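Q: Attaching a single structure in structure tokens format; questions to follow.
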Amino acid sequence: LPGQHTMARSFNICPHIDPVVMTRVPGVALDTLFLIVLQALAVILLGKFLHLFLRRYNQPSAVSQILAGVAVGGMGLRNAIVHVDVDDVEDMYGGYISAARVIYMFLVGLDLDLAALRNATRRCAALAYATVAASLLVAAIVSSGMYGSMMHSPVKTPELLAATLMLALTNTSSITVSRIAGELNLTVSENGRIVVGAAIITNLICVVGDGLLSSTTLAKEKTQDMYRGSPQIKKGFLALAVAGVAVWLVRPAVTRINQRNVGQHHVRTRDLVTMLLLIWSISSFQQVLGFDGMPTSLALGMAFPREGPAARSIADALAPPINGFVLPFYFATIGMRLDYNSMSGAIIVPGMLLTLLGLVGKAIGAAAASTYLDIPVSEALRYSVLLNVKGHVDTMNMKFAKSEGVWAEQALYAMIIGNLISTIIAGPAAAAVLHREKEAYRTRHQAVESLGAQQELRMLACAHNPHATPGILSLVELLVTVPQEQPAVPVLHFFEVPRERAARTPYHQRTRGGEDKGGPDAITQMNMVVDVFSRATGISFRQADVVSLGATRDAAVACRGAEDAHASLVLVPCYKEQRFDGKMACRLEERRKLNHDMLAAAPCTVGLLVDRPYRASGTSFQTPISVAPESGRTLVHPCSDRTVTHVIAAVFLGGPDDREAVSFASRLAEHPAIGLTVFRFVKRSTYDTVTSSTSRASAAAAGDDLDVSIQECDVDERFLWRFYENYAARELAMYVEKVVERPADVVETLEGMAGMFSLVVVGRGGRQPVELMAGLDRWEEAGSEIGPVAEILASNESLEMGSVLIMQQHTVPLTPPCQ
């Protein structure tokens, strides 16, 4: 009876079971729920076991989980517990798959490096449009030959078949590509970000196309939901309006929550629950209207503020269950949807054909776009394999194709086979891309000198405590001229766990941000500093907290973090610290060993900062310039009349480390709040008037070509001439030459910098001219880790001396020549 049917619906446990078999006692629903739980446990355990072997070959965990799903699906658990056919399988897993996509894509949007993607927007769009256009063309060509015989079933209209096949071959699983790229750390390189961005753009294009296709197909029908009798096209506008308002309001709403929880590591539980419920409700509302909620959840994640306790709370609450349960079962269901009793050549061959057609279309588009992207065709073909990953998107987004009579039930099985194949073969392609990216990073000269003025500088900042962190983060701010285009800067926070507390309670189980001897713990204090700089500068900082296990292990973690971030520069606090009375001392011997190990094993340039927070003439690099420049100080740029916040200097004696110091200082000179002066020390006995600043200026005015006078082998001279031409001649920096005769002249000049500059950038040394280093043995022995010049500056106990940055340029190991 109608009343009984309504009552049965109100008692269902699993809403995706056929209502015809529902009763007041939901026996079938309980069977199905038991089946899902049993399958989930089986695939998670089996997937972890398989991944122990496959990860040795850089295979992503998604491949292991799909193979685990295939194995569990072949056990016959589905038929042993409850018999369901292919339609019931789609209904049983469909709701879970939709929910998993919505939740995970929100995390993807929250984790996206928006500044880095903004730099690659045109390249992402070019790759996406090229592959989409090629796939559409291939689908349009083959659809005419498939009309009337789509898996032995008559097709309703050729136009509907062509449109459906276009979406099927064009679509890309943004979830699968994002998961593989994130797990293998491909997004740190520009090409990896291009692939992920192209996958997301392609998926969004196909989601919009799917919505338009289903809306026009179902527009004349009346639905049985809360908007009874309203056309589907009107619901589409309503869904867009709700999504737009939600994305517009998410930032001010989250900002208010952060303000209520300022100084905390996590927000209050009620605030966290409220945010999660609102995100889920807004994304689910799109699905209630009959549309995919993935674009809305992705947009909400991208608009969500990264700084503050709200983002940390949501990430910490969602990441463990999603990575541990939701995604493994999501990928496993791709294999579990197979029905081995129905497998035959009539299904497997079309499935392989669909995979091949999709791969052909993606390969043609990627190869065509390779010239614009400036990448080899072989690399573009590897990317096309990743962009051909389907996952669940075909069977989920185009279920209406079977109901509309586009193809038969066997075609759905063929599509599942194709999705399975396309996802599995993406593993080796991703491993090949990862190997090439690692090899390119290790063999490339990772130094500031090798980068152009407009090239992005990827950095890694290390910190031990909140007191020393502002100096490091201020240097990062000064290196960034356009914060909206700077890739996210990782901040490695090494903290120590008190032994007496670690013996009682594991550190991760203690309450963070609470009272701890009168104040917040080390992680919460670091959160406050990083959040302040992130809000003030607009730069995205990504804090990673690492338990300090000794200098050797900490150095290994920092070097591995630099490789993972593909960094060209690592900024580390120096072991020399300033006391309250202004004296410089080494407080911890472990810090000295950490500096030594970092300089010896770093895969890129290393900068050691000797910060002087108690400088008499004002704090040095303790406050973001964009918020609170040092008041009461009027500094004039050395080459112009404009006022600046900091006047800095760079010391050049010769060698790669000094060239790196001047290159670093030159990047700082691009900032409008910085005035730079470069001092070059020259021995009087070897002084050449061609290298003097007056000779350079007169020759430049006369239009002479000084490159003829400079020998090709003299790297230092060519470097300084380029610096003079690009900076000194344009009045962006001042170039000064100091002629010295004895070691005392060098020491006197360096100590005379006290009170003149807030930062002095020097090279570590060891590869400088011998004639300039003669007589500085005492300083060289005392500062074996930082060099004699840096030791003279860093040991100066005057409260007028500014901070010192010691640079060591990365050296690419030379491979033996081929015999």
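Using N, Cα and C of the backbone, Cβ positions are placed for all residues, glycine too.
Model, not experiment: these values are computed from the prediction.
Taken from TrEMBL, the feature transmembrane segment covers 28-50, 62-81, 93-114, 126-148, 160-182, 194-213, 233-251, 272-290, 310-333, 345-369, 411-434. Marked as domain 'Cation/H+ exchanger transmembrane' by TrEMBL: 43-434. Annotation comment: TrEMBL describes 648-811 as domain 'Cation/H(+) antiporter C-terminal'.
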Q: Could you tell me the mean pLDDT over the domain 'Cation/H(+) antiporter C-terminal' (648-811), as a whole number?
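A: Averaging the confidence scores along the domain 'Cation/H(+) antiporter C-terminal' (648-811) gives 78.
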Q: Same-chain Cβ contacts of the transmembrane segment (411-434) under 8 Å, 6 or more residues past its ends?
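A: Here the qualifying positions are 54, 57-60, 62-63, 66-67, 70, 86, 90, 150-151, 153, 168, 173, 176-177, 180-181, 184-186, 191-192, 195, 331, 334-335, 337-339, 342-343, 347-348, 350-355, 358-359, 379, 382-383, 385-386, 388-392, 394-395, 402.
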Q: So are the transmembrane segment (93-114) and the transmembrane segment (310-333) touching or not, going by 3+ C-beta pairs under 8 A with a sequence gap of 6 or more?
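A: Yes, the stretches contact each other.
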Q: Please give the sequence-distant neighbours of the transmembrane segment (345-369): residues at least 6 beyond its ends with Cβ less than 8 Å from one of its Cβ atoms.
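A: For the transmembrane segment (345-369), the list is 126-127, 130-139, 142, 151-152, 168-170, 377, 380-381, 383-385, 387-388, 390, 410-411, 413-418, 420-422.
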Q: Near the transmembrane segment (310-333), which residues from the same chain, at least 6 beyond its ends, have a CB less than 8 A from one of its CBs?
A: 39-40, 43-44, 47, 61-62, 65-66, 68-69, 72, 93, 96-97, 100-101, 103-104, 106-107, 110-111, 175-176, 179, 254, 257-258, 261, 265-267, 271-272, 275-276, 304, 391-392, 423, 527
